[in-house]
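Here the structure is laid out as structure tokens; the discussion comes afterwards.
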Amino acid sequence: MGCVLLFLLLVCVPVVLPQGLRCLFCPVTSLNSSCAPVVTECPVQELCYTADGRFGRSSVLFRKGCMLRADCSRSRHQMIRGNNISFSFSCCGGHYCNSQPRAEPGGRLLLLLLPAAALTAAGAL
């Protein structure tokens, strides 16, 4: 009787195991291309990240996935098609926190120039 009770207890009570974050994964992708992200569950000790790949001063690539917290503050260099690309990482600790769309190249500059263009067109400058 005791073995049956123990068996029923083990079967009926769910085992709670620590779960990792759910993040989006995109392989290295060109900024002018799109990625169909795949949902992935990170190991418990990892965070979600979005990486910005730069060639010189220009953002040219991005990627998303999971990485160890200790690696979030490190930049990495990778040779891609003969070009030395420097990746910097932005990590976050919530489910799907790396799902925000990437900024379009030059988007911030465009936002800064729009008010000046509007004033110029209105003859205020």
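Glycine too: its Cβ is placed from the backbone N, Cα and C atoms.
Within the same chain, residues at least six positions away from Cys48 (disulfide bond) with a Cβ under 8 Å of its Cβ are Leu21, Cys23, Leu24, Cys42, Lys64, Gly65, Cys66, Cys91, Cys92, Gly93, Gly94, Tyr96, Cys97, Asn98. Cys48 (disulfide bond) falls within a strand segment according to DSSP. For Cys23-Cys48 (among others), the entry in Swiss-Prot reads disulfide bond.
According to Swiss-Prot, the feature disulfide bond maps to Cys26-Cys35 (among others). Its own atom aside, the Cβ of Cys35 (disulfide bond) has 16 Cβ atoms within 10 angstroms in the protein chains shown.
DSSP assigns Cys66 (disulfide bond) to a strand segment in the three-state reduction. Within 10 Å of the C-beta of Cys66 (disulfide bond) there are 21 other C-beta atoms, taking all protein chains into account. For Cys42-Cys66 (among others), the entry in Swiss-Prot reads disulfide bond, with the evidence type similarity to another entry.
According to DSSP, Cys72 (disulfide bond) sits in a coil region rather than a helix or strand. What Swiss-Prot lists as disulfide bond is Cys72-Cys91 (among others).
The disulfide bond annotation in Swiss-Prot covers Cys92-Cys97 (among others) and is backed by similarity to another entry. Of all Cβ atoms in the shown protein chains, 18 besides its own fall within 10 Å of the Cβ of Cys97 (disulfide bond). Cys97 (disulfide bond) carries neither a helix nor a strand DSSP state and counts as coil.
Annotated domain 'UPAR/Ly6' per Swiss-Prot: 23-98, in sequence order.
Asn32 (N-linked glycosylation site) counts 8 other C-beta atoms within 10 Å of its own C-beta, drawing on all protein chains shown. If you look up Swiss-Prot, you'll see Asn32 (among others) marked as N-linked glycosylation site, on the strength of sequence analysis.
Asn84 (N-linked glycosylation site) falls within a strand segment according to DSSP. Under 8 Å, Cβ to Cβ, and six or more positions away along its own chain, Asn84 (N-linked glycosylation site) finds Phe55, His77, Gln78. What Swiss-Prot records for Asn84 (among others) is N-linked glycosylation site, and it gives sequence analysis as the kind of evidence.
Annotated GPI-anchor amidated asparagine per Swiss-Prot: Asn98, in sequence order, evidence recorded as sequence analysis. Of all Cβ atoms in the shown protein chains, 23 besides its own fall within 10 Å of the Cβ of Asn98 (GPI-anchor amidated asparagine).
The signal peptide annotation in Swiss-Prot covers 1-18.
Comparing the Cα of Cys72 (disulfide bond) with the Cα of every entry in Cys26, Asn32, Cys35, these being the recorded positions, the smallest distance points to Cys26. DSSP assigns Cys26 (disulfide bond) to a strand segment in the three-state reduction. The CA atom of Cys26 (disulfide bond) is located 14 Å away from the CA atom of Asn32 (N-linked glycosylation site).
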